[in-house]
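According to Swiss-Prot, the ATP binding site annotation covers Gly128, Thr129, His130, Gly131, Lys132, Thr133, Thr134.
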Amino acid sequence: MGNDKEKYSKLRNIIPEMRRVKHIYFVGIGGAGMGGIAEVLVNEGYRLSGSDIAENAVTQRLASLGAKIHLGHKEEQVHGADVVVVSTAIHADNPELLEAQALRIPVVRRAEMLAELMRYRHGVAVAGTHGKTTTTSLIASVYGQAERDPTFVIGGLLNSAGTNARLGNSRYLIAEADESDASFLHLQPMVSVITNIEADHMDTYEGDFERLKSTFIDFLHNLPFYGIAVMCIDDPVVRELLPSVGRKIVTYGFSEDADVQALNFVQDGYRSRFTLRRTGVEDVEVMVNLPGEHNVLNALAAIAVASEDEIEDEAIIQALADFEGIGRRFEQLGCFDTDRGEVVLVDDYGHHPSEVAATIKAAKLGWPEKRLVMIYQPHRYSRTRDLYEDFVEVLSQVDCLLLLDVYSAGEAAIPGADSRALCRSIRLRGQLDPIFVADQEQLLTLLPDVLQEGDLLLTQGAGNIGALARQLAQNRLGFESTNNDSNRG
């Protein structure tokens, strides 16, 4: 066992040629995906440096581990690097990228570096429009509980580990597979998970949904012939693709024909309970420490992967029950005793209509007595335009809605695809009178007039609203009450 640990703990032991590489430079190092890979590499002993436009929790953690972080992009900062890793957010005219190319330093995308980490390991890659981060986190937690000591790279903070990446001492590598730029085609895992497929990031696929579906099939065919495709049969598009996949398939879902099926779903506040049914195995009662049917599906994916790897049910059930959650995935930031009574604050990353709908459904199912107040920040003008009517439909389902300006993510504004337009369209439906908040700083003075006793306040979106949610928590939602509050999560 000791030899295995030595073999798999260092990339240079798996690929001897990697010993030529001493210094790795990351352009756009502050992103969760980039930072996760960087953390694994710095823990492997590589000299690591990188740049981003601003400091954040990811860059601070990497600096604490010994990485050199530069704020801003300057061409001289790549000097001396043996390889440069670039984020998908980096434009072709970036000075560091241009300098690396001029100096003939190898330049690779994030997914290519992840593929090298995965090359000779037992890779588990989780793909899909929604649920990747939670599913990857659940799989990593199950493997950790089973003492498989995995390496993992996750797009969100795994609360139990205090990080989104970890270098393990075994042959297992569990990671998210990003379809947003089709770079997941670089990966060659042993197990691939498909959670669902919807129209998102369609600019990558030139607006062609058939091309998107075909790319997912290509991703599955990167599996070796002895690999396993774990697929959510509840998703109609995934179900449609099943006959086109020439690999062993294990399906999961609530559907009766699923190989790994959930029955008797009950949500008890933040927790979900269900009966697990698998072919040829006795039914088992399972509790997962996450709310909502969508999270039961994520748990089923983890169960399917672990069961195929012969992990004992005891470890699976314990890991799901003890799961401590992920940052910004229905994360409870506090329960505040205000001068108007108790208000619960929850923060969630979902930014696609289906994700927002799943979050709203879980909130209403777990806390049916509470009024649901949502602060929503749309993410990207293009997504708002492409899914406009879906956003109008789903955002109309809350009891009170505050809309922030669109978080552009570098995009130019698109007329008619902004928050003011959404407000007007939602108001015209006659169900809700949303409040447009032009300046985020207004929230601390606005919320005390909006919130009522017993409210569930949900901050929702993928932009900078997560930081805003924490600011609201620190400032007690704008209430000046001196009553004690309790943080529950």
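From the backbone N, Cα and C atoms, a Cβ is placed for every residue, glycine too.
Long-range C-beta contacts of Thr134 (ATP binding site), restricted to its own chain and to partners at least six residues apart, with a cutoff below 8 Å, comprise Gly156, Leu290, Asn295, Asn298, Ile326, Arg329. A sphere of 10 angstroms centred on the C-beta of His130 (ATP binding site) encloses 22 other C-beta atoms. Of all Cβ atoms in the shown protein chains, 24 besides its own fall within 10 Å of the Cβ of Lys132 (ATP binding site).
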